[in-house]
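Quick notes on the structure that follows.
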Amino acid sequence: MGQKINPHGFRLGVTTDHKTRWYAEKQYAELVGEDVKIREWLHKNLERAGLSSIEIERRSERVTIFLYAARPGIVIGRNGAEAERVRGELEKLTGKQIQLNILEVKSPETDAQLVAQGIAEQLAARVAFRRAMRKAQQSAMNAGALGIRIKCSGRLGGAEMSRSEGYREGRVPLHTLRADIDYGFFEARTTFGRIGVKVWIYKGDVTGTRAERAAQKAARQAAQGGRGGRGGNRRGRGDRPDRRGGRRRAEAAKQSAETPAPQTENAGA
């Protein structure tokens, strides 16, 4: 079951929250359709901004939209001109007052949706699919991910018969509900047809209440230091001392440290 279902829906209420937060009775179907139109318009017109997720909140006639983007400057524009244009277009689309909250994704290398979109853009630019997957895999692991799984499906490399290929590194426990697994999907439009890209990223186990989970998420983002990278100890080394040189060199260094230095007499004394 965990292998087939969407990881976000499978863990809804356990480690993930709803991306749309409002309540309605008679207007439920109308508001759901309105949310779909908002998301489609944003994904179509702000594709270059690298949208990770869109969250929508409603209060009476006011709609609050949270945009998580890898490049928020594209959404904001010069002196906020682009953000005002987007807000105006959405108000025309919905006929309601719109409030935009634009947030930056601190570590795009460990965001599954952005990783999938990056691979798809490389495939559309005729980059070899294996090279694109390996590069994304290494970047995610170097940025602090505990495990990653990437799968590409379609006419890979322009082959006549479609197939699926994937790479995996680390742990990706899809059946564990407490596991914080991010999932993303994007389609690459190539001359041979569309290629689907799926990405699963494991960031660790999550426990406690929603408030505690939010605090843990903020702590992980602060520990990654923005965009992550290979600073500090390399992955897999931890705090272990450098073992290069072998046991003999270590024993010789220890013996020389324990041997007292010879005392020399002053010739002029």
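Quick reminder: no glycine exception, Cβ is built from N, Cα and C everywhere.
Computed from a predicted structure; not experimentally measured.
If you check Swiss-Prot, you get these features:
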DOMAIN    38-106  domain 'KH type-2'
REGION    215-269  region 'Disordered'
COMPBIAS  236-252  compositional bias 'Basic and acidic residues'
COMPBIAS  256-269  compositional bias 'Polar residues'
DSSP residue counts for the domain 'KH type-2' (38-106), split into helix, strand and coil: 33 helix, 25 strand, 11 coil
Average pLDDT across the domain 'KH type-2' (38-106), rounded to a whole number: 92
